[in-house]
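Feature annotations, reproduced from TrEMBL:
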REGION    1-48  region 'Disordered'
COMPBIAS  27-45  compositional bias 'Low complexity'
REGION    95-150  region 'Disordered'
COMPBIAS  127-137  compositional bias 'Low complexity'
DOMAIN    164-453  domain 'CDC20/Fizzy WD40'
REPEAT    292-333  repeat 'WD'
REPEAT    422-455  repeat 'WD'
């Protein structure tokens, strides 16, 4: 019987050593086999018993493992969430309670498993990146706030949409010859006459003529827009019915020209070259009911606050005074300006916020808190400040200027960033008035022109521009 042939060993082993004595200890890592694909020993291909994706491109760092409260279910569902975790996960209720002050570092108990596994986290964009990966702008879960694109800067036309010729419009810094009523009628003092221009129809009406011995120094509508006060070079103040073109009152009191007027609800304040401020009440027979003495030179700026409690006055003595109805002496005496203070404006958006502008030697717009007399800000405009006016629709203001640039500037408050700079007048822009809707201003200068500018948005929509509508382009005459 033939004996079976012993199989040949698959390994070349030394004599006295067989395969049964060999043992190979397998590691826990998967079996790998290396195949050399090139002469270089650094290039290897690794095979595994299961597929594992390349983690260098999976961005696992973008997944947050931090337990954060849901922005939608805050407060009301805390008890229910703790009970549900206890029932489903067998957790201790006490271990999941958070302190109101964010105790334990704002994290759950160390024994509780993380419930926000693989919740996607917003990556922090690199400083050089121009794109944002976060819709809400916050790190963490998705927020309920919608992303809003940045606001496009409002476009303001650089040219006036209408120009009126105004012959004999005086080039005098201390006069106030233009005012726009709440009934959309513009009053302009030209020499010895006052003309009314109705914006809705462009109709021009001659209201009065003072004759060769007198001249117009100031005009001011009542807040209702029915009556017009006129200050004259002789120091008188006339009250006219603008609808019927009829004079209803003449009041004296000043010894020389009355260059500025300001109406409250029922009191008319007048400032004169005689350094005095008179208060008139047309409901009584007396020419005036009070005299305010504080300035050392001509009074050229007057404005009542919107609540009628305070009156601000500016003079050629470089002083800005604030008065109230309880005292015959100023409650504030502000002396930081270094030139005449004609430009005065109260903010319609913030109580007690007053803006003032100085003349050629000062050139600054200053902001004041009249509650304590503190100066809030000072901006050097590099030009004589002739007028200031706040917009009632948005928190912006406009200033007109004289020497040396004769420009009109629109400012954003409180940053005082320049929204627009408008030019066109060839002489000092001494006169300024705002339309009843707050969107249009009219400016006047010694170049004997009135220019209308659309600079402010409407109350509802900050539209980039407005149609001139009934106002045709071109140049016409005010008289």
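Just so you know, glycine gets a Cβ as well, placed from its N, Cα and C.
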Worksheet item: For the repeat 'WD' (422-455), what are the same-chain contacts with Cβ under 8 Å, counting residues 6+ beyond its ends?
Response: 156-173, 175-184, 186, 188, 199, 384, 386-387, 389, 391-393, 398, 400-403, 405-410, 465-466, 468, 471, 478
Practice prompt. Give the residue counts of the repeat 'WD' (292-333) per reduced DSSP state, in the order helix, strand, coil.
Written response: 0 helix, 21 strand, 21 coil
Worksheet entry | Whole-number mean of pLDDT values that fall within the repeat 'WD' (292-333) | 96
Item to complete: Helix, strand, coil: count each for the residues of the repeat 'WD' (422-455), based on DSSP.
Response: 0 helix, 19 strand, 15 coil
